[in-house]
Amino acid sequence: MARTTSQLYDAVPIQSSVVLCSCPSPSMVRSQTEPSSSPGIPSGVSRQGSTMDGTTAEARPSTNPLQQHPAQLPPQPRKKRPEDFKFGKILGEGSFSTVVLARELATSREYAIKILEKRHIIKENKVPYVTRERDVMSRLDHPFFVKLYFTFQDDEKLYFGLSYAKNGELLKYIRKIGSFDETCTRFYTAEIVSALEYLHGKGIIHRDLKPENILLNEDMHIQITDFGTAKVLSPDSKQARANSFVGTAQYVSPELLTEKSACKSSDLWALGCIIYQLVAGLPPFRAGNEYLIFQKIIKLEYDFPEKFFPKARDLVEKLLVLDATKRLGCEEMEGYGPLKAHPFFESITWENLHQQTPPKLTAYLPAMSEDDEDCYGNYDNLLSQFGCMQVSSSSSSHSLSAVDASLPQRSGSNIEQYIHDLDTNSFELDLQFSEDEKRLLLEKQAGGNPWHQFVENNLILKMGPVDKRKGLFARRRQLLLTEGPHLYYVDPVNKVLKGEIPWSQELRPEAKNFKTFFVHTPNRTYYLMDPSGNAHKWCRKIQEVWRQQYQSSPDAAVQ
């Protein structure tokens, strides 16, 4: 039988001791001394208790003298309504909720408003999830957590007014720059440790800590979110049973897999996974499916790549311990004092982390072989250069602001004159061919080039093997620059198309040294190494194709 709107309010009650105010003031809770009403009370009957709006329902007449003189009571704030806000872009979408940026018309304050469909919540049995998230967030008052300012509702939806973390998910930056340098890794790990110390001190286990659930505010400090699977421990309990799987495969603790229980130490396991990912660019436990990931977790089967920071490695090894009572930071190991005293945090001042200026996000790109050079890239600088196609010059970079020299005009229809073979598996084309010559080149490619099958019948303009890096890991790929334009990369051993670097007007190549070059895109920087030492030729050809695609003439100035 379908529930009424009022029954849904009762199905998602605020705890009897705390009711959320419906205004974004510094203090977000107020006392509620009367017990909540029974779910069985019909919607038309007056009752005293708390509602999803964060206000109390009208009580029946009382002999209490304060209630006989309403003028002596403080005025109740008006309930917020959807029309009080101007809703903007979607910030995120979940299985039963959507988070939208909204500006309150009366104050011009921005919030991330989480909108939940009542019907869908009931149908999918997600009422406990919603209740848990709201109740946990109402207990938190710390700068490293997303803040719940207010709740309200209409006939069809629930609305949670949350603090707006303008810089989005931490995962976005890991994907963008690959690996954090040691300074960035240390600072953001320290903020997560500080947040967990507070959370566990409140008797709360997050149970789904991962980079997607760690947001960054306008000042680039962390704000942890998503408490739908969190657990509030009773005073005499140290762990929580899980009747079903909670968490995300790559970060789930072994005790949840083997004992179906989670404890505060389970969050410390996730912390170890996150530190590893900040440095290496990928989580420690990776496989083709969740079952294989779980097998690796319960066997503690993972490896550190070369050039992993030694002190960070020692910290990860002390967190990724199968016995939950042996993890650094857990109660059995004397709590957070020894964790914060680890040598990796030697330079951290813990008292005022949220007031410190976060370090600039800087990529860590150690040399992969003895004859390579280390590369460091400042993420803010990369962002500021997206509007400019010109490749920056530096002491270790080749200036590629223009094509080196105009190629001579060709005559006749001998298409071989356009092809420059670099070795048996690499070549590039001059781009001065006619449409008829292009057709002949494409026929030649289709008939004899083994990589033609991967390029959707586009003419290959340059190709060759590269080492494609993701964090501290590198994979050999065949890079194929084609008309379109497209940049495909193929697994040369298994002959499988692995992906494509997305083209846009913001795409920008950058040579760092003879072997290493970057391809910057708005959402990610691709780190590539040409083993033949011709990184500058890749950048020159990519830029030449960019000019043909986005500029009216090849000689137009770079904007």
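The count begins at 1 with the first shown residue.
Just so you know, glycine gets a Cβ as well, placed from its N, Cα and C.
Annotation comment: Swiss-Prot describes Asp208 as active site, proton acceptor. The annotation ATP binding site is assigned in Swiss-Prot to Ser95, Phe96, Ser97, Lys114, Ser163, Tyr164, Ala165, Glu169, Glu212, Asp226 on the grounds of similarity to another entry. Swiss-Prot lists 35-46 with the feature compositional bias 'Low complexity'. Per Swiss-Prot, domain 'Protein kinase' is recorded for 85-345, and the stated evidence type is sequence analysis. Here Swiss-Prot flags Tyr9, Tyr376 (among others) as phosphotyrosine. The feature phosphoserine is assigned by Swiss-Prot to Ser25, Ser244, Ser396, Ser401, Ser413, Ser504, Ser532 (among others). Marked as N6-acetyllysine by Swiss-Prot on the basis of similarity to another entry: Lys307. What Swiss-Prot records for Thr357, Thr516 is phosphothreonine, and it gives similarity to another entry as the kind of evidence. Marked as region 'PIF-pocket' by Swiss-Prot on the basis of similarity to another entry: 116-160.
Everything Swiss-Prot records as a feature, shown here on the structure.
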residue : record                       : DSSP (3 states)
Ser95   : ATP binding site             : coil
Ser163  : ATP binding site             : coil
Asp208  : active site, proton acceptor : coil
Lys307  : N6-acetyllysine              : coil
Thr357  : phosphothreonine             : coil
Ser504  : phosphoserine                : coil
Ser532  : phosphoserine                : coil
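For the recorded positions Ser95, Thr357, Thr516, Ser532, the ranking by surrounding Cβ atoms (within 10 Å, all protein chains) places Thr516 first. When Cβ neighbours within 10 Å are tallied across all protein chains shown, the highest count among the recorded positions Asp208, Glu212 belongs to Asp208. Of all the recorded positions in the record (Ser95, Lys307, Thr357), the one with the smallest CA separation from Thr516 (phosphothreonine) is Lys307. If you take the CA of Ser532 (phosphoserine) and look 10 A around it, you hit none of the binding-site residues from Ser97, Ser163, Ala165. Less than 8 angstroms from the CB of Lys307 (N6-acetyllysine) sit Pro366, Leu472, each of them six or more residues away in the same chain.
Cβ neighbour density within 10 Å is lowest for Ser504 among the recorded positions Ser97, Ser163, Ser504. Distance noted between the C-alpha atoms of Ala165 (ATP binding site) and Ser504 (phosphoserine) is 27 Å. Cα spacing between Ser97 (ATP binding site) and Asp208 (active site, proton acceptor): 17 Å, rounded to the nearest whole number.
Using CA atoms as reference points, the recorded positions Ser163, Asp208, Glu212 were checked against Thr357 (phosphothreonine), and the closest is Ser163.
It is 26 Å from the Cα atom of Glu212 (ATP binding site) to that of Ser504 (phosphoserine). If you measure from the Cα atom of Ser163 (ATP binding site) to that of Asp208 (active site, proton acceptor), you get 20 Å. Ser95 (ATP binding site) sits 16 Å from Asp208 (active site, proton acceptor), taking the CA atoms of both as reference points. Residues Ser95, Phe96, Ser97, Lys114, Ser163, Tyr164, Ala165, Glu169, Glu212, Asp226 are the ones the record ties to ATP, and the longest Cα gap between any two of them is 21 Å.
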